[in-house]
Amino acid sequence: MKLAILLVMLGGGLGAVIRAFITNICNEKFNSAIPIATSIVNILGSFLGGITLGSSISNDWISPFFITGVLGGLTTFSTLTNELVHFMTPNFKLGHFIGYSLLQFLIGFIACYIGFHL
């Protein structure tokens, strides 16, 4: 049990660093009304999770380190929720809100499905 917690901690730290790196690159390269970095990390995390869950790789460290840790640190539901709330400003555009929501959930599911079946 103690090893699993250590693996989650190490993987979560690594995933968070990868997310910060991707976010910094996206903030420098893109000026968009849609938060590109959150989309990238969530879709990438869904895809990698699908690959991992669909593979025959099975041991006691993959799930706590990679799935719970790395992918948990990489992906971000709280940032997604925060960004959706920010769409509800006085200049609120329902299309942006709906489009971004669909992008995150639908494409994330599709990415996981594709990864699972590779």
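Counting starts with 1 at the first residue shown.
Each Cβ is built from the backbone N, Cα and C atoms, and glycine gets one as well.
Under the heading Na(+) binding site, TrEMBL lists Gly72, Thr75. Under the heading transmembrane segment, TrEMBL lists 30-53, 65-85, 97-116.
In the three-state DSSP classification, Thr75 (Na(+) binding site) falls within coil. Counting every protein chain shown, the number of other Cβ atoms lying within 10 Å of the Cβ of Thr75 (Na(+) binding site) is 21. Outside the transmembrane segment (65-85), and at least 6 residues removed from its termini, the chain residues within Cβ reach (under 8 Å) are 7-19, 35, 38, 41-42, 44-46, 48-49, 52-53, 97, 100-101, 104. A C-beta separation below 8 Å, combined with a sequence spacing of at least six in one chain, links Gly72 (Na(+) binding site) to Val8, Gly11, Gly12, Gly15.
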